[in-house]
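K.L.:
If you look up Swiss-Prot, you'll see 1-13, 394-406 marked as compositional bias 'Low complexity'. What Swiss-Prot lists as region 'Disordered' is 1-31, 44-66, 245-276, 346-417. Swiss-Prot lists 14-26, 369-381 with the feature compositional bias 'Pro residues'. Annotated active site, proton acceptor per Swiss-Prot: His117, in sequence order, evidence recorded as sequence analysis. According to Swiss-Prot, the feature heme b binding site maps to His246. Here Swiss-Prot flags 251-270 as compositional bias 'Basic and acidic residues'. Taken from Swiss-Prot, the feature transmembrane segment covers 458-478, and the record attributes it to sequence analysis.
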Amino acid sequence: MAERIAASLLPAASPSPAPSPPPPRPRVSAAAAASFPCCSTSAGGLRLRSRPSRFPQKAATTRSGRAGAGARAVVRCMAAAAVAASDAAQLKSAREDIREILKTTYCHPIMVRLGWHDSGTYDKNIEEWPQRGGADGSLRFDAELSHGANAGLINALKLIQPIKDKYPGITYADLFQLASATAIEEAGGPKIPMKYGRVDVTAAEQCPPEGRLPDAGPRVPADHLREVFYRMGLDDKEIVALSGAHTLGRSRPDRSGWGKPETKYTKDGPGEPGGQSWTVEWLKFDNSYFKDIKEQRDQDLLVLPTDAALFEDPSFKVYAEKYAEDQEAFFKDYAEAHAKLSDLGAKFDPPEGFSLDDEPAVEEKDPEPAPAPAAAPPPPPVEEKKEAEPTPVPVTVGAAVASSPADDNNGAAPQPEPFVAAKYSYGKKELSDSMKQKIRAEYEGFGGSPDKPLQSNYFLNIMLLIGGLAFLTSLLGS
């Protein structure tokens, strides 16, 4: 292909149609023969120059020789232009910077959410990029950050922007997904088989429309989850596995309208105090999310309608029960689902993407301590004191097993009760300051005030009284 391009660029390479002998050729320097625009630079076209030859017989090359030199120059130009969307070396350096941020700010949950919300707008029914949404870096624009589902993500962008400024050779789309996967791994989760090379959108007009991300409290939670995730091309197993990432993080009523302002697990941090978490150790990635939803023993732990649906819906429940019992199975399925989610809608350059997994595996970062020398004698045995059995915690909501005596079941053993969701935390008791101001403004717009109730509508009261009297008269008359 490069030779054909060179031939089209150099008309001298085509044979002359004239049958008569050509006139004597003027001597052309090598610089003139090889000087043409190549790879784009800030200073204009890059020109390949060499010093004029001291030997005329070598400087005056044949037409085929000049064509070959031009073709080789085009090949060199094309090879230099074939650069991936992101630089692999800069991505690796950015990953180290992300790890340092995670250690100091405990921002694992919001980094996971950043990557998810950039890719979760994908619509498999739309082929064109970027109209189809997905992992394209559009979340950096205010037009998309202002979507209701993205409340609070401006804080994640503030943390990640200095890294983007430091490494301009990587795209936002890659950086968001790199931060998300790194946060999972640093929190103790599985290694995500990621690939990179995502291309960024360039304008706010390319942002997807609002309403493609899942809602926490839909009217029919299971149907809503399927509607949103099926649109992305994900199945029931992937829905449940990805939901398990709620083992990290908290819900804040001033952002989502859900959860308590604080609990015994969040009032002292780490990070910014407050909010309600799904799990006790909400910065540790494990399968506690599924265990805690199933047991429902602690009212300080959050259960959204979409969380409860995982144990209420028959198809979801198969996977939720499995993950509650088998953390290894959860890690495996989650890693695959996360990698798939991070690729949704992305346009890769190169088309196949590239991996950063050419360095030691994660397990090798923290090597196990060396075993004690064989010659060292074992310590004397210590008599263990038998601890008292822990007092069982009563199940107050959503008990998995009925507590009624066998006599109430005609002598049969107690039967499991259907899963009952915990009391949903609608967050209506604690409104954010902005919401309070909005409600107050609307209230005052109708003529009311905090110190003065709305005046009665006397005309409406009279009409209601007349209507009531007319109704009574009709009854008495009949």
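Keep in mind that glycine also has a Cβ here, set from the backbone N, Cα and C atoms.
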K.L.:
So of His117, His246, which of the recorded positions has the fewest other Cβ atoms within 10 Å around its own Cβ?
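P.N.:
Result for the recorded positions His117, His246: minimum number of other Cβ atoms within 10 Å at His117.
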K.L.:
What is the interatomic distance between the Cα atoms of the residue listed as 'active site, proton acceptor' and His246 (heme b binding site), given in whole Å?
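P.N.:
A Cα-Cα distance of 14 Å.
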K.L.:
Under the DSSP assignment, what numbers of helix, strand and coil residues are found in the region 'Disordered' (245-276)?
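P.N.:
When I sort the residues of the region 'Disordered' (245-276) into the three classes, I find 7 helix, 3 strand, 22 coil.
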